[in-house]
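Going by TrEMBL, these are the annotated features:
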ACT_SITE  17  active site
ACT_SITE  66  active site
ACT_SITE  70  active site
């Protein structure tokens, strides 16, 4: 979708997709996104939470979508009960988790050769002490490897890291949230070779 969305220089580092409560979506349709509330966060937002899909003058469409869908629900927690707190806390968690340097320290970097998914999982679990949820694009036709696409960390309501084990009765709504073109991300297979590309082709 790059040419259609004037996305010339996609970031070559992990960025934020969102901060999502497990349950509910669009909890308050009258609480509209207001970019002026996060103006202090703007340079960090543009770097850490860029919108690479929607070309627009100020590129705030992605943030508005995340606020409308998830932020209005997260706001039931006092630590997230304003736009400034919601976006600010997401940025803070992103920097605290620091996935970019963690993967590098573990020797996992974009490469033209394949990784074992179990090795990536083990490295992350060893580093963080919890199991994240790693999502991949399944192999394209004729290909044998999946491509790593998203790494989800789970937190308690106190925003402490916890294991991302699927809770009983939890729907797949969380992973249906992200569609890349027509392909959808799903939980990575432990057995398929895994591609971690430096540039998305």
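The backbone N, Cα and C atoms fix where each Cβ goes, glycine too.
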- Output, ordered by sequence, the same-chain residues six or more apart from residue 66 (active site) with a CB under 8 Å from its CB, or 'none'. 18, 19
- Task: Check each residue in the chain of residue 70 (active site) that is at least six apart in sequence and keep those whose C-beta is under 8 Å from its C-beta; list them in sequence order.
- Result: 18, 19, 20, 21, 25
- So residue 17 (active site), by the Cβ count within 10 Å over all chains shown, scores 18
